[in-house]
Amino acid sequence: MGRKNAANSSMLQEASMNNYSMTSAASGASSSGRGKRRAKTRNIAIASTKEVQWQGIFMIIVWLCVMGSLIFFANPEASRRVFAKFSHLQSFYGATSVAFAFATGLDILAYVNAVSDEKRVLSGILAYVDGVACISYLSMATLNLYFLVDSTQGNPVWLMRYAEWIITCPTLLYWCGLASRADRSSVSDIATADALLLAGGALSSILPSWPAFFVFAGSFATYIYVMLHMWGMFGKAMQPDFQPPPPLPRHALHLLRCEIVMSWSIFPLVEFLRRQGYIDFQVGEAMNCVADYAAKVGLAMIMVNCNLEQINALRVQQMHSALTGMLKVMRKTNLSSSRMAQLDGVDDDVKSWIMNEFSGSTDGKGGDDAKAQQRARGRKGHSAAMDAEKLAASSLFTWDFDALDKSDEDLTAVCVRVFQELHVIEQFNIDEKKLRKWLQKVRTQYNKNPFHNWRHAVMVLHTTYLLLTSVATEFITEVELLAMLIAALSHDLDHNGLTNAFHINSRSELALVYNDQSVLENHHSHLAFEILLEKGCNVVENLDEDEFKRLRAVIINCILNTDMATHHTKLSKMEEVNRLGGFINLAENNDQRLFVLAVLLHTADLHNPIKPFESNKRWSARLQKEFNNQVELEAKMNLPSLPFMRGNDEESLAKGEIGFINFVVKPWHQQLSQAFPKLDFLLDTIDANLAEWKAIAESYRQMH
Ligand SMILES: [Zn+2]
């Protein structure tokens, strides 16, 4: 309503609708397979960065045309008279323009530091909106673009601002749709209402008083409708069971909806007060400037905050490992653990973590605690499924996650949660029932080996998730993301607890089938696709031909590269890349990206030494057991065995781990963190574990 404008209403509506339908056309046109998939989804699929770029270019062209025509119709002489009459106006507009320039900077900051593609898209839209507003106010302050007079009080109507509103309001509504994953019809309803509201406001300013009153009232009613609809749209997305989860956290959505309703309410209020003669034109303009700024910049600030929060999560993780190190030093100085347990005002989770740190090396104690906690929660009356989901959510973002502490139900929840968090479910319209069936099938195809079992696969999936969200969001494509998750869970399918060397030496059937070449890895990869293409388990059925080709290439390449025999080739290649200055422009280079993805999955497969020591110890003991079983079998079959696999006590375990860390894991992570500096904190964990193993080895040496 405050947004009075002389432009005719049909144009307003068209501008509003075009902006929205353009998006659906763009996503529909991208490829026939994708078009089909998008059509089936209930929610707005987040447009890919490329689509949004094209929309941005289109909107900038529209904006330049509007600017051009306004300059053509400008009346500088009349504007100068207005500025002479209202002496502060020019400084208001100038100041608002500077404020918007600052806001645009903020948006660009959020865009550059975006922690996911979706947040990048959202920040990009805001940068466009604030940039347009900045130019608009700048031109109002300097170009004197004005040619209309308000019919009731003879005040000037600044066309540039209203032109800006016509373009930015639908864009902001589209933004709200993306942020709350509203369905298309809701967003187009709101956009239509908003167009009517703008048109009503414009019309009421040039009509004579009585008709103007009715149009104004109608416009006000539409305003209420828009606000209520928007309130409901965000409210829906904030429901805990809303699927798929929105790209912004729920508390951010809550802030957004309050912010939008509050700041957008200022415009009709100002218009009402001005018409009633309570405030004069200049005061109203000052209020409008502030409201316009608040309406747009509030969103940007919440965006920046959301990104910072996630970046902070990584810092918290680093602090956590530093603290863990400190606690270990304290433990060595024999500080009483019971005193620590009495800490008052400490959060239960923190307390149990501290207790775990002090509980020493009793295997499975953490597991018992977890079970006890679960039982306690059960008494409080929560459903088991809720607990599983919560457990999955709470441990999903930390590097010390250990699948050994979790039930099968929890682990399935963890897997589903990873797929949800990375939004591949809605991106590829994966049927959740099929996803669960696929997970179940994959789980049953793992053997109950001490080490190479289903829990190891989930650990690798989880580590892959952390690695990807830490370093790959910049360059990984959607289909590669899906491929990585499938590869991680499938990478040791039907592993029988025996090495490739055993298969080759024993002339096993698998060795014959795969000609002694990466025998197990070929088998895992083969099974991965066999399960994937089974009818009830086909989670990739909605991929088009090209997408499937890329998915297959990534999965095969990643799984084959988990063969330790390829470790040194990859390491030398990474050294070479680092010597030449690191990976350049990964987003554009398919081959290089294929290599990096294989590097990341191999890193995840070697995750034991980047876990807390207790976890590292439990898993290496399991691997030792698996090796011992093989040695036993080798003896029975008169086959050669490797000396390092024969050790069956803690001393040889420590020695083996020291060698493994020094010669395999550490050199690998040194190159990895040079290529991806965000991961260099993992070297601290590796060093801490190495020190622990050395202490154990040393204690045995002294005993002899
Ligand atoms: Zn593995």
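The backbone N, Cα and C atoms fix where each Cβ goes, and this holds for glycine too.
In TrEMBL this protein carries:
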TRANSMEM  52-72  transmembrane segment
TRANSMEM  92-113  transmembrane segment
TRANSMEM  125-147  transmembrane segment
TRANSMEM  159-178  transmembrane segment
TRANSMEM  213-234  transmembrane segment
DOMAIN    346-700  domain 'PDEase'
REGION    358-384  region 'Disordered'
ACT_SITE  H452  active site, proton donor
BINDING   D492  Mg(2+) 1 binding site
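Residues near D492 (Mg(2+) 1 binding site) in space but far in sequence (CB under 8 A, at least 6 apart, same chain), listed by position: Y446, H452, H456, A457, V460, L520, H524, T562. Looking at the domain 'PDEase' (346-700) alone, the prediction's average pLDDT is 84.
Sequence-distant contacts of the transmembrane segment (125-147), counting only residues of its own chain at least 6 positions beyond either end whose CB sits under 8 Å from a CB of the stretch, comprise 52, 56, 59-60, 63, 67, 70-71, 73-76, 78-80, 82-83, 90, 93-94, 96-97, 100-101, 103-104, 106-108, 110-111, 156-161, 163-164, 167-168, 171-172, 174-175, 178, 289, 292, 296-297, 299-300, 303.
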